[in-house]
Amino acid sequence: MAESIKKNVLMVILKNISLLVFPLITFPYLSRVLGPEGMGIINFATTFSNYFMLIPTMGISMYGAREIAIARDNKRKLTKNFKEILIITLLFTFSMFFLYLITIISFEKYNKNFVFYLIFGFGIITNSVSIEWLYTGLEKFSYTVSRGIIIQSLYIISIFIFVKNEKDIIFIPILLLLSSFIQMLINFYYSKKFINYDQKFHLKIYSRIKPILIITIGTLASTIQVTMDIIMLGFLTSDWNVGIYNAAIRINRIVIGLLISLGAIFYSRLSNVYGNNKKDEANIISQNWLKYILMIVYPSIIGIFILSDEIILLLAGNEFKASIFTSRLMSIIILFSVLTNFFAIQLYSNKKEKTAIKINIIGVIVGFVFNIIFIPLYKHNGAAIGTIMISFIVSFLHMYYTKKYINIKIDFRIKYILYSLIMGIVLLKVKSYLDYKIYINILIITFLGGLIYFGILFIFKEINLEEIKLKGK
């Protein structure tokens, strides 16, 4: 059932391009229409509601994808696994939805925009029950990417139609809810191709709850650690600081999302090969994956550092100038986030989730302490400092335990850092002579940077076209 790694990588690259292009279309428009305060409200509501999707989405998604990947060559076992996991998803989803309702009713902070937060709450249901984990485990990325691009395109068109001024902010959660509802319906319809809904089983629900909860605790801790900067910034400062910080981290988070999205492919494939005791194949896949990810990470950090001022002014406008320094400061978390993702997938695919939980809980505790110290002192820059320190500690711990439990070679490709620095020095010199419109300067620097960096890689024979196939069949 699984598609080749090569095809999946190409599809995820297409998805990544859409993830890069779509925010470039909507973010500048919404930033100017809603302003820092409006964007801060949206970012806070999104982050807050996402916490309540952690059990039915993050925990079950990882567990579900792994169990589907292991059983995908046996339709009877696949159907049984799917039904058991779906029932647990429904139970967890509606439990978290009612908990969310109690929360927004109980706290005065949410009363002012109650309907706004309520609509986000219904999104908890549609997003959580969308069974994306089925298609991740089956490695049906052609379907998920095509469907996602179509729905996202309709969402963007709707944004320009319905959101005209600050008062139209209510349309944002409405359109997000409609998008996720349509996606859920399509997913269930298409699942009939792989799942026999009429087949009867003696379902074993309770035996799956413990491993799901273990993974959920780990992903909950991980998500809290990653998103606590915005939540704590919102409580300790103002919506303006949240808006400034969000603009600063947006381009970094986009790049991180693009790079770690490839992890979904390798998580499914590694779960399958480890589950079938093909450790040599898993080692080859892992080494190639780390090599090519780092090949992209290092120049991305340098590029964002150099272009932060142009990117912020182009995407958000002059009101967000305070975001420029923060954006440069945050560029290093791209490396730490990608490494954390790589090593965490090694642990989870080997069913070492208890170790990952310990690491993530440490990250939450340390992160809370750092944010309490730095946010009151330096506001949005304090959130950046705390996030950098947390990201480094968590990535180091993931690497340490991966080396302890799993025999894979880890090569950080330090020479790629040197190549990236050479590229950066040239770009800084060229940038000092550029005096065109902002978007033209960005295009010139990006194109020239890619030409220089990949030119160096080809000269030193670092890119092997045969290796890029990743032995996918």
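Placed from the backbone N, Cα and C atoms, the Cβ positions cover glycine too.
Per TrEMBL, these features apply:
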- 12-30: transmembrane segment (TRANSMEM)
- 85-108: transmembrane segment (TRANSMEM)
- 114-135: transmembrane segment (TRANSMEM)
- 144-163: transmembrane segment (TRANSMEM)
- 169-190: transmembrane segment (TRANSMEM)
- 211-235: transmembrane segment (TRANSMEM)
- 289-308: transmembrane segment (TRANSMEM)
- 328-347: transmembrane segment (TRANSMEM)
- 359-378: transmembrane segment (TRANSMEM)
- 384-402: transmembrane segment (TRANSMEM)
- 414-432: transmembrane segment (TRANSMEM)
- 438-460: transmembrane segment (TRANSMEM)
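Contact between the transmembrane segment (114-135) and the transmembrane segment (169-190) is supported: at least 3 Cβ pairs lie under 8 Å, counting only residues 6 or more apart in sequence. Highest Cβ contact count with the transmembrane segment (211-235) among the listed stretches 85-108, 144-163, 359-378, 414-432 falls to 359-378 (criterion: pairs under 8 Å). Residues 30, 34, 38, 41-42, 45, 115-116, 119-120, 122-123, 126-127, 129-132, 134-135, 143, 147-148, 151-152, 154-155, 158-159, 162-163 of the same chain, all 6+ positions outside the transmembrane segment (169-190), place their C-beta atoms under 8 angstroms from a C-beta of that stretch. The list of residues near the transmembrane segment (289-308) in space but at least 6 beyond its ends in sequence, with Cβ under 8 angstroms from a Cβ of it, reads 251-252, 255, 259, 262, 266, 324, 327-328, 331-332, 334-335, 338, 342, 410-413, 416-417, 419-421, 423-424, 427-428, 431, 442, 445-446, 449-450, 453, 457, 462-463, 467-468, 470.
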